[in-house]
Amino acid sequence: MENAEGILKEWFDRVDFNKKGTITATQLKAALAVGNLEFSTSVVEQMIRMYDFDRNGTMSFQGLGLGLGRCCLPRTRPITFIARTMRISNTSSTYSIIGTAKFHLKGSNLRALTQVRRCYASTSLANHKEEGVVTAEYLLQESITSSRWHQISQDFSPQLVHKVLMKLCNSPDLVLGFIEKFGFVRFDSKFFCLAVAIVSQLTSHHQSLELLKRAIDGSYASHRELFDGLVLARQDLGLSNSLVLDLLIRACCKLKRSNDALEVFYFMKGIGVLPQTETCNEVLNLFLKENRTETAWVLYAEMFQLRIKSTVVTFNIMINVLCKEGKLKKAKALIGYMEFWGFKPTVISFNTVIHGYSSRGKIEGALEVLESMKAKGIKPDSYTYGSLISGFCKKGQLEDAVNMFNKMSENDLAPTVVIYNALIDGYCNNRDLVTAFKYQDEMKRRGVKPILSTYNVLIHALFMEGKMSEINALLKEMEERNIAPNCITCNILINGYCKEGNAKAAFAIHAQMLAKGVCPTLVTYTSLIYVLGKQNRMKEADKLYEEVKSKGLSPDLIMFNSLIDGHCVNGDMERAFVLLSEMGSEKVSPDEVTYNTLMQGFCKTGKVDEARRILDEMERKGVKPDHISYNTLISGYSKKGNLSDAFKVRDEMLSKGFNPTLLTYNALIRGLCESKDGDDAVLLLKEMVNRGINPDDSTYFSLIEGLGEDEKLVNS
């Protein structure tokens, strides 16, 4: 009896975690749930009322004892939930609980007694095994082995998990099932790492890699905590290889956490364990993709110092690093060093250098590498030819590009969509749309499907030619092929419509973007601001500017210049200077376009002296004036009839190494004609012709309006 009361008291104390001497319906419901006994709140409240002799909504231990003493056949229920919710000390045994059950049931119900035994078996009441006694450790291991997950208690002590995992260290598939079933966040990071180390012994490392990725990405543990846990796991399991630590580096790489990956590399170095070459290659490649070439060299030097052997893949990555840095001669030389160190360069080695030369317009260097490649007995592939064709197209050498394209057929190499796109883009830039579309038709005939970038290039070229019907046909074809326009497509369309002055069509595309979940970019908003400025709708332009900032986008130089131009054209110089001030707060430096726009705004309103001060400010801030800067001032002074200052600016322009342009002469001639200074106007006309600058309609209109049918003009 005393033993039964002791066990019952221990259970009651555990449920009464507030130590108030009474338990509430909420506490009792939580305790029952631990034992997999799910009751509604109303039922639990009814249980409380059965033993609530004080009528205060709670149940005391004395009330529970009296209540259990009064129970008849349903006595199984209190004993069952007590058995299934208790976690007793290591000295407790099966018999103590069963004894409690017998005492309360008074031997009247064998079936109920069997229920209690089952409750004990499914909830692991003891923490060790004595003679003939089933322990929690044994039950947990058996449940995992037989995949009887429903029999496993949700409460795992760290010691229990560690013991069971160590016993299952040769069964990584069972450990994987266990950790996936119950969710690794329930485990201490140390035991999670032990599980990962065991799972890493599977033939495929995919599962252990995914577990580490989920742990890092879900902030379950830091890379440092995981490293320390994996080091302990290696010790516990007696592992000598670096595999599980390599997997941690690879997990960081997969998540694009290059700094974390590098730190784990140094953690490993600190304990004298060297990563595998393949792991180092993965980190190097990530630095390459992130354009962190200096850090890539630091890691490569560490590999060399630690005598981690390089492979062909390592060399190919470092060749690519040199190409990204523009060190093409060194990249080419590294291929030679590969052979010196006993590595045979591959087609990838040569292709990397060829692409490096071609992408920078150094076709001659690319062709030299091609010949060297052939001399080594390595056949060029589609990528080789694609790089060269793209390089030729970018330089406008379309005939050479076509010759290289034809050589592919001679070598039984099929052109890819990338190669066709390079040719199409080349001919579009050359404004030869007939040939561009010829290659589009050819790629379709050969079964090479056009991709989104193919259509984007063609749509942009058609906009430049103003061929709207052809653009609509391409958009319809895209729809038929289930190729959805992306942000670039929409920006091309919006920019094209804006340049045409068709604001309605541009904003319609913008609305479609938003409806389809395509996020507008700065390019999108800049085009829309441009067309609003041309239509004197600057309030709407300013509203768009505020929308850009509200979306977390940072306005760039081109957007500011478009806004300033719009306000200057519409005569609001005050707002233009407010925007100039905001450029400073956004850390965007004005350029010559910004200042020229402000100068034009002042000249338009006749404030030429203010425009002159802008020119002086440009020079003070290190922004060099250009032809437009000087021509703007010359035109401003000429319109005001201040020809003396206009010619001073012309002389200043000449002293800075700028030759007068057609705009320069037209502005001066207009000013001279308006001042009825025909002799000097004619002299300027002769000077411009002698300089090889042909007069245009504006030149002649100025002369005709200013001089009429003057004999000097006719003779000139």
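Glycine too: its Cβ is placed from the backbone N, Cα and C atoms.
Automatic prediction, not curation, is the source of TrEMBL annotations.
Remember, predicted model here, so these are calculated numbers, not experimental data.
If you look up TrEMBL, you'll see 3-38 (among others) marked as domain 'EF-hand'.
Among the features that TrEMBL reports, domain 'EF-hand' is placed at 39-74 (among others).
What TrEMBL records for 241-275 (among others) is repeat 'PPR'. Long-range contacts of the repeat 'PPR' (241-275) within the same chain: residues 196-197, 200, 205, 208-209, 212-213, 216-217, 223-224, 226-227, 230-231, 233-234, 282-283, 286-287, 290, 292, 295, 299, 302, 306, 308, each at least 6 residues beyond the stretch ends and with a Cβ under 8 Å from a Cβ of the stretch.
According to TrEMBL, the feature repeat 'PPR' maps to 311-345 (among others). In the repeat 'PPR' (311-345), the DSSP tally of helix, strand and coil residues is 26 helix, 0 strand, 9 coil.
Panel annotation: around the repeat 'PPR' (346-380), residues 312, 315-316, 319-320, 322-324, 326, 328, 331-332, 335, 338, 387-388, 390-392, 394-395, 397, 400, 411, 413 of the same chain, lying at least six beyond its termini, place a Cβ under 8 Å from a Cβ of the stretch. For 346-380 (among others), the entry in TrEMBL reads repeat 'PPR'.
For the repeat 'PPR' (381-415), same-chain residues at least 6 beyond its ends with a Cβ under 8 Å from one of its own Cβ atoms are 347, 350-351, 354-355, 357-359, 361-363, 366-367, 370, 373, 422-423, 425-427, 429-430, 443, 446, 448. The repeat 'PPR' annotation in TrEMBL covers 381-415 (among others).
If you look up TrEMBL, you'll see 416-450 (among others) marked as repeat 'PPR'. In the predicted model, the repeat 'PPR' (416-450) shows an average pLDDT of 95.
Feature annotation from TrEMBL assigns repeat 'PPR' to 451-485 (among others).
If one looks beyond the repeat 'PPR' (486-520) by at least 6 residues along the same chain, the residues whose Cβ comes under 8 Å of a Cβ in the stretch are 452-453, 455-456, 459-460, 463, 466, 471, 527-528, 530-532, 534-535, 537. As annotated by TrEMBL, repeat 'PPR' applies to 486-520 (among others).
The feature repeat 'PPR' is assigned by TrEMBL to 521-555 (among others). Under DSSP, the residues of the repeat 'PPR' (521-555) split into helix, strand and coil as follows: 26 helix, 0 strand, 9 coil.
Annotation comment: TrEMBL describes 556-590 (among others) as repeat 'PPR'. Within the same chain, residues 522, 525-526, 529-530, 532-534, 536, 538, 541-542, 545, 548, 597-598, 600-602, 604-605, 621, 623 sit at least 6 positions outside the repeat 'PPR' (556-590) and bring their C-beta atoms closer than 8 Å to a C-beta of that stretch.
DSSP states for the repeat 'PPR' (591-625), grouped as helix (H, G, I), strand (E, B) and coil, give 26 helix, 0 strand, 9 coil. Here TrEMBL flags 591-625 (among others) as repeat 'PPR'.
TrEMBL lists 626-660 (among others) with the feature repeat 'PPR'.
Here TrEMBL flags 661-695 (among others) as repeat 'PPR'.
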DSSP residue counts for the repeat 'PPR' (416-450), split into helix, strand and coil: 26 helix, 0 strand, 9 coil
Residue distribution over DSSP helix, strand and coil in the repeat 'PPR' (626-660): 26 helix, 0 strand, 9 coil
Composition by DSSP (helix, strand, coil) of residues within the repeat 'PPR' (381-415): 26 helix, 0 strand, 9 coil
